[in-house]
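Taken straight from Swiss-Prot:
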- Gly210, Leu211, Pro212, Gly213, Thr214, Gly215, Lys216, Thr217: ATP binding site (BINDING)
- 1-11: compositional bias 'Basic and acidic residues' (COMPBIAS)
- 1-33: region 'Disordered' (REGION)
Amino acid sequence: MSRDKSERDNLQDTTTINLRRRRRVKEGKAASKPPQVYPLMKCKLRYLKLKKLAHLLSLEDNILSLCEPDKSSEGSNSQKHVVEQLRGSPLSVGTLEEFVDDHHGIITTGVGLEYYVNIMSFVDKDLLEPGCTVLLNYKDNSVVGVLEGEMDPMVNVMKLEKAPSETYADIGGLEEQIQEIKESVELPLTNPELYQEMGIKPPKGVILYGLPGTGKTLLAKAVANQTSATFLRVVGTELIQEYLGEGPKLVRELFRVADMHAPSIIFIDEIDAIGGKRYNTSSGGRREVQRTMLELLNQLDGFDTRNDIKVIMATNKIEALDPALIRPGRIDRKIEFGMPDAATKKKIFDIHTSRMTLDESVNIELLITSKEDLSGADIKAICTEAGMIALRERRKTVTMKDFISAREKVFFSKQKMVSAGLYS
């Protein structure tokens, strides 16, 4: 009996252990499975429906984003087409002289004629001002546009983008002239407070006069090199234009550009081309030259003496200039350039021969003590010609014979030009 009882107890324990093991395995499998969502089919259908709806919405968004630029471009293109029709083509260019009211003005064309015209409503009124360049309809000359930031092409050419390479060291002698132009042009631009403390006004401009080849243009180039100011160079003949009113307009444009790029220096070479003495004449061309000079006088009187604009003029014939042009208040300082003396000639020869290989036979003193009058340009021409003679004979050194031959050739050409001028 006892044996049967022990066997039953062992069987019950084994059964209990097996049940526990099965329960543990079943619980482990249930924990590893994902939770089930009921009803499963309904949730899947809803998920697919929402996914399809999101795809359709993104597709619609892409289509709308592609259509909006087309609509805006179509609208802008149609507006541009209407504006172009109103403007007309091709467009002419004129100058706005004055306003009559908000919708009308007076303009001048390239031939000098004045017109009372309409100003279109689509033109930017903030850009319109007397003297600006405007676009005109080719049929009725109405103002249809404004050229912004324009600069006359001729004035743009006059403006030197790169400073000249000449310096004061390249000028032989002329110490007095250099000092005067420094006091008149360079010092007022670099140290204007000195004149204010002294209680005086600096000169508006200077005029350089003297014989040809004495260094007037060279000194002006040296001033442009020494200062960081904008340098505008113009020859007097460039201010003489074919059509009526173009010369004075070019003078106004020249001073306007100088004011825009201040501090600036205006160098007018050969001023006698437009600054000659006035007299009664029936010639239309001569009257136009006189009008150009009157505009130059007006500009010299107009700008303030303490602003950053200086004027340098140069001429060979100061006696031919109109007294109103060179009177004090307009051109306050007159600097004369004479023929160089022996010491100055020696300095000029040393400057031009400093980079040349000279033979031992070269004696500059013999060239200086000659009876002929030598200007700075003549000395430079002699040195250049002597170097070319040496090159012609395949030599690297320049001899005294080369200088003598060069001097004879230069003076022969000079005398020939003088003789031709007497009988022309």
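Residue positions begin at 1 at the first shown residue.
Placed from the backbone N, Cα and C atoms, the Cβ positions cover glycine too.
Note that the structure is predicted; figures quoted are calculated from it, not measured.
In sequence order, Leu208, Asn316, Phe337, Ser375, Gly376, Ala377 are the same-chain residues whose CB sits within 8 A of the CB centroid of Gly210, Leu211, Pro212, Gly213, Thr214, Gly215, Lys216, Thr217, the residues recorded for ATP being left out. The number of other Cβ atoms within 10 Å of the Cβ belonging to Thr214 (ATP binding site), over all protein chains shown, comes to 22.
Least packed by the Cβ count within 10 Å, out of the binding-site residues Gly210, Gly215, is Gly210. Burial estimate for the binding-site residues (Pro212, Gly213): highest at Gly213, by number of other CB atoms within 10 Å. Sequence-distant contacts of Leu211 (ATP binding site), defined as residues of its own chain at least six apart whose C-beta falls under 8 angstroms from its C-beta, comprise Asn316, Phe337, Gly338, Met339, Ser375. The local packing around Lys216 (ATP binding site), expressed as other Cβ atoms within 10 Å of its Cβ over all shown chains, amounts to 26.
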